[in-house]
Amino acid sequence: MQTPTLHGDGFLLTRLDTLCDMVRSNSMWYLTFGLACCAVEMMQAAASRYDMDRFGMIPRASPRQADLIIVAGTLTNKMAPAIRKIYDQMAEPRYVISMGSCANGGGYYHYSYSVARGCDRILPVDIYIPGCPPTAEALLYGLIQLQNKLKRPPAVIAR
């Protein structure tokens, strides 16, 4: 991937997909899917102390307007079809962050009959945030890692 270069007259010379990836990484609109106590930390990260808005991340109530879904809490088998339907309503490209031990692998309720044992069985997860519950700083770190992942050049496999 070619890095954008700024010329003397203020023109940015780059490929269109590179520019779109750069803009997309700095303008993530997220959908919160809080299922348990991790949602409290997610709300704290959006409050004034940490302020996810300064990273270009704006909460959205509709999946059709969101680029990212943050799954926080225990995902049950009964809730799995609902989250999959919400994910399918999101426009491409779409990203998933799994926040907390329960969303990552079931957490304390891993052996319960009603737990999906991780949202990666339902959705393709891009970033995992460990902890029970993870702190607001950990969520911000995960969001920044997702931004960095989008800015990275794609791997090209050639034979």
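The backbone N, Cα and C atoms fix where each Cβ goes, glycine too.
As the structure is a computational prediction, the values presented were derived from the model and not from experiment.
Annotated features in Swiss-Prot:
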type	residues	note
BINDING	Cys37, Cys38, Cys102, Cys132	[4Fe-4S] cluster binding site
Starting from the Cβ centroid of Cys37, Cys38, Cys102, Cys132, the recorded [4Fe-4S] cluster site, name every other residue in that chain with its Cβ within 8 Å, sequence order please. Ala36, Ala72, Gly73, Thr74, Met99, Gly100, Ser101, Ala103, Gly107, Gly131, Pro133, Pro134
Below 8 Å Cβ to Cβ and six or more residues apart, same chain only. Which residues does that give for Cys102 ([4Fe-4S] cluster binding site)? Leu35, Ala36, Cys38, Gly73, Thr74, Leu75, Tyr108, Tyr109, Val115, Cys132
Proximal but sequence-remote residues of the same chain as Cys37 ([4Fe-4S] cluster binding site) (Cβ under 8 Å, at least 6 apart): Gly73, Pro133
Across all the protein chains here, work out how many other Cβ atoms are within 10 Å of the Cβ of Cys38 ([4Fe-4S] cluster binding site). 27
Suppose we draw a 10 Å sphere around the Cβ of Cys132 ([4Fe-4S] cluster binding site). How many other Cβ atoms does it contain, all chains included? 12
If H, G and I count as helix, E and B as strand, and all else as coil, what does DSSP give for Cys102 ([4Fe-4S] cluster binding site)? helix
In three-state DSSP terms, the structure that Cys37 ([4Fe-4S] cluster binding site) belongs to: coil
